[in-house]
Amino acid sequence: MAPPMTLEQWLLWKKMSQAHQALENVTTLTEEQKQQVIIDIQHEDVVPTRMDKLKYLAYSCCATSTRVLCWIVLVCVLLLVVFISCFVTMSRIQWNKDIAVFGPVIDWNVSQQAVIQQIRAKRLARSIRVEHATETYVEVNMTSIPQGVLYVPHPEPIILKERILGLSQVMMINSENIANTANLTQETKVLLADMINEEMNDLANQMIDFEIPLGDPRDQKQYQHQKCFQEFAHCYLVKYKTTKGWPSSTVIADQCPLPGNHPTVQYAHQNIWDYYVPFEQIRPEGWNSKSYYEDARIGGFYIPKWLRNNSYTHVLFCSDQIYGKWYNIDLTAQERENLLVRKLINLAKGNSSQLKDRAMPAEWDKQGKADLFRQINTLDVCNRPEMVFLLNSSYYEFSLWEGDCGFTRQNVTQANSLCKDFYNNSKWQKLHPYSCRFWRYKQEKEETKCSNGEKKKCLYYPQWDTPEALYDFGFLAYLNSFPSPICIKNQTIREPEYKISSLYLECMNASDRHGIDSALLALKTFLNFTGQSVNEMPLARAFVGLTDPKFPPTYPNITRESSGCNNNKRKRRSVNNYERLRSMGYALTGAVQTLSQISDINDERLQHGVYLLRDHVVTLMEAALHDVSIMEGMLAIQHVHTHLNHLKTMLLMRKIDWTFIRSDWIQQQLQKTDDEMKLIRRTARSLVYYVTQTSSSPTATSWEIGIYYEIVIPKHIYLNNWQVINVGHLLESAGHLTHVKVKHPYEIINKECSDTQYLHLEECIREDYVICDIVQIVQPCGNATELSDCPVTALKVKTPYIQVSPLKNGSYLVLSSTKDCSIPAYVPSVVTVNETVKCFGVEFHKPLYAETKTSYEPQVPHLKLRLPHLTGIIASLQSLEIEVTSTQENIKDQIERAKAQLLRLDIHEGDFPDWLKQVASATRDVWPAAASFIQGVGNFLSNTAQGIFGSAVSLLFYAKPILIGIGVILLIALLFKIISWLPGKPKKN
């Protein structure tokens with residue numbers, strides 16, 4: 001190898017190289033001139049600068065021998081290894097210090113309130129285009145959520161299931177029997193059969209046939225009560241003490257509005273309008289109202305002669321509109337039925353059908369206490385006129401006609417104390433225009449005026465002017481809307497000593513003595529005493545007068561065949577059930593409802609038996625239909641179709657139509673409350689296990705439906721429930737945004753009275769209600785030792801994090817990593833505003849009512865929680881929800897848990913630049929200067945180094961342990977090689 005150049009030689013070489021490069025681009029000089037320039041440069045004296053000396057030193061190092069170069073490389077590598085090792089060691093020491101630093105404290109119990117100002121554009125009324133900005137102030141109420149958990153109402157009751165019982169039922173449908181009952185013609189019989197076949201075929205096409213285990217039927221005979229109640233539940237017979245009808249052909253009832261179409265207020269149809277005497281302007285010559293309406297006035301009400309018959313001795317009525325307040329329409333039909341039957345039994349005189357005097361109001365009998373029937377009020381005459389005309393013992397006239405009670409235009413101000421000096425001051429200008437005046441003014445006489453010899457079409461002038469324009473004058477006066485000259489007169493109609501009997505009680509008593517068929521036939525005939533059955537009339541008008549009826553009626557002798565029960569197992573797909581009912585003497589129009597009793601082999605409280613399922617037979621006619629014999633042909637078919645379609649729909653939905661099965665015996669045997677029975681009815685399921693046609697002809701058809709029921713028996717019902725919404729808390733830790741939650745052991749909070757229970761549900765199904773196999777009562781989370789120790793989990797989330805969820809009460813659930821509208825960051829809050837405002841890019845609207853304070857029940861124990869400092873890094877490294885601590889750990893336990901978690905993650909390996917950034921993030925809260933330096937190194941390695949060497953640098957860091965081992969081996973080998981190069985003795989050259 002040639003020796004290196006001296007400093008002067010290197011400077012001359014450098015100068016000559018620069019001169020050659022400069023002359024190559026010059027074209028104005030000749031070759032001789034260029035040679036002369038080079039010669040001149042060679043003879044110039046050059047003084048070396050410091051930079052030249054440094055550059056020469058670098059040249060001399062590279063131009064020396066290979067041994068010297070290797071020594072230089074070795075020293076550089078060793079220095080680099082020492083530097084990196086020291087840096088990594090310092091970073092790891094800082095990392096361990098970061099772990100031991102106390103973390104943040106989370107305390108959710110904070111409430112805030114803020115008033116923010118927003119600019120809104122307001123448009124003036126005079127200008128459509130110009131909008132002016134106005135300042136509005138919006139109140140934002142924020143309520144913290146304890147433990148990051150929101151409780152919202154859980155409307156569905158939760159049922160802890162005790163067991164499930166099974167029941168089977170066979171339903172028979174026979175069109176011929178329905179047709180005979182409704183007196184259908186042959187054409188309508190064909191239509192009825194086609195309709196039944198269509199519905200049943202539709203059901204059969206969606207159901208498969210299969211067998212279920214069935215036992216012997218054990219029947220409950222409730223036929224007498226069912227048929228008697230169905231026909232005569234609200235039917236009564238009242239007997240007068242003396243025969244006396246309504247004393248006049250008219251009734252003054254100004255409290256009732258008048259008929260007609262009026263533009264301002266439309267009143268519902270009043271039944272007394274049927275007796276209204278209308279005004280007609282055109283009448284024949286000499287016409288007067290007395291000739292046609294007797295004492296009734298034009299614009300008043302005329303009572304026909306059949307309603308004021310003086311020979312009436314009894315009143316027969318079938319209506320539930322005269323019962324007292326005990327008959328609450330909000331109750332179910334079953335509850336009203338049971339209540340009525342109990343009252344009738346308690347009020348009956350011995351075993352007779354006559355009721356005690358206290359059942360009636362005092363107006364009917366002096367000993368009356370209105371235990372069953374109420375007192376007739378003033379407005380009853382408007383909608384129930386027949387009840388008033390036939391049952392009232394006295395009547396108070398309500399009149400606003402001039403001349404009644406001696407009031408005229410001259411003394412009208414004396415009729416009411418509020419009308420005194422009415423026209424002598426300005427008082428009349430401030431009152432209602434109807435005040436202190438009559439509804440109908442009396443004229444001198446009633447007359448007709450004819451012109452030009454016309455005798456058939458004359459102008460009629462009644463004695464009282466017509467009131468149609470003031471159709472509700474009297475009704476408003478009755479409501480005391482204004483002072484008026486009301487004339488109230490009491491007139492006695494008949495003596496108040498009535499005797500009353502119940503047709504339902506008579507039916508029950510007669511069915512025991514003469515049989516149910518005989519009792520039904522005789523009492524139905526009695527209801528048809530006047531030619532029209534009373535129980536067919538509308539309930540408001542089902543009141544008729546009778547003259548000396550025979551009661552109790554004569555009961556005919558009806559023979560019935562009877563046979564013993566067939567205990568053999570039911571034969572499938574046969575008419576055996578139909579024949580069994582026939583042999584027992586029950587007609588399909590009123591077949592006995594034979595109800596199965598549940599027996600469970602695991603419950604000795606119930607009736608003993610070995611079969612879980614019991615079979616019973618029921619027919620469509622008596623189970624769901626009303627008496628179609630009172631309907632016309634097409635109406636009866638439509639009625640049957642409605643019930644049949646409803647039955648099919650319920651079966652397809654696997655629901656139970658409880659009109660086909662009575663549940664009172666279920667309640668008695670299971671000993672359940674009314675609320676529990678409501679749940680049993682709602683949660684019960686049905687399954688059709690066969691549908692078959694037993695007979696068919698062009699005009700008749702019959703079907704059988706086998707139905708299996710599953711009844712859920714509740715063990716406990718949780719009604720007042722709250723559902724848990726685990727919102728959590730946001731945490732900015734070590735440069736990472738983390739979503740922290742307390743993992744609560746319950747999903748539902750139940751609060752009954754003052755007791756709060758925390759429920760954990762397992763194996764639940766949601767069918768209208770939530771039905772669960774397992775409901776565990778657990779302890780809530782809290783700092784007290786006796787409470788549950790719940791894990792706290794953390795999950796890394798991206799920033800910015802904004803969660804806005806509207807609640808059903810009009811408020812908003814907000815969890816955000818930023819602050820807006822004075823809503824705090826990181827803390828879950830329930831926000832309520834009083835005006836529309838836009839926050840976090842979402843419009844917040846006010847609730848339906850002003851809410852200044854929001855309270856959520858039930859309350860949970862207070863929870864104050866300290867988390868590890870590196871919670872965000874731990875969650876970030878695993879990128880999934882992990883457990884970072886528990887609710888009862890102290891800070892020492894939390895630090896140990898964090899160390900163990902970080903060591904287990906082995907964060908020192910892997911992507912070295914990313915690890916340095918993690919160290920910088922963890923150090924930023926503890927040592928900002930060191931964090932900046934470490935962050936800079938990490939950015940250099942990830943950005944600059946990546947730009948120079950590409951992704952290979954990052955990939956090599958993942959193989960760092962292997963590369964370090966290989967590098968150490970190579971360095972040792974190189975060291976021995978260099979030592980071998982060292983000379984043992986000086987060489988001559």
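Cβ atoms are placed via backbone N, Cα and C, with glycine included.
Swiss-Prot marks one residue of Asn25, Asn392 with the annotation N-linked glycosylation site, and that residue is Asn392. Annotated by Swiss-Prot as region 'Involved in virion budding', the relevant range among 1-15, 46-60, 676-690 is 1-15. Across the structure, Asn411 (N-linked glycosylation site) and Lys53 (ubiquitin cross-link) are spaced 137 Å apart at their Cα atoms. Note on proximity: of the glycosylation sites Asn309, Asn351, Asn509, the one nearest Lys14 (ubiquitin cross-link) is Asn509, by Cα distance. Residue counts of the topological domain 'Cytoplasmic' (1-65) by helix, strand and coil are 44 helix, 0 strand, 21 coil (DSSP-based). Secondary structure at Asn392 (N-linked glycosylation site), taken from DSSP and collapsed to helix, strand or coil, is coil. Lys53 (ubiquitin cross-link) sits 29 Å from Lys34 (ubiquitin cross-link), counting Cα to Cα.
Cβ neighbour density within 10 Å is lowest for Asn411 among the glycosylation sites Asn309, Asn411.
In sequence order, the recorded positions near Asn309 (N-linked glycosylation site) (Cα within 10 Å of its Cα) amount to none of Lys15, Asn351, Asn392, Asn490, Asn509, Asn809.
Looking only at the recorded positions Lys34, Asn351, Asn509, Asn528, Asn809, the one with its C-alpha closest to Asn392 (N-linked glycosylation site) is Asn528.
Summarising model confidence by region, the topological domain 'Cytoplasmic' (983-989) averages a pLDDT of 50. According to DSSP, Asn490 (N-linked glycosylation site) is assigned to a strand segment.
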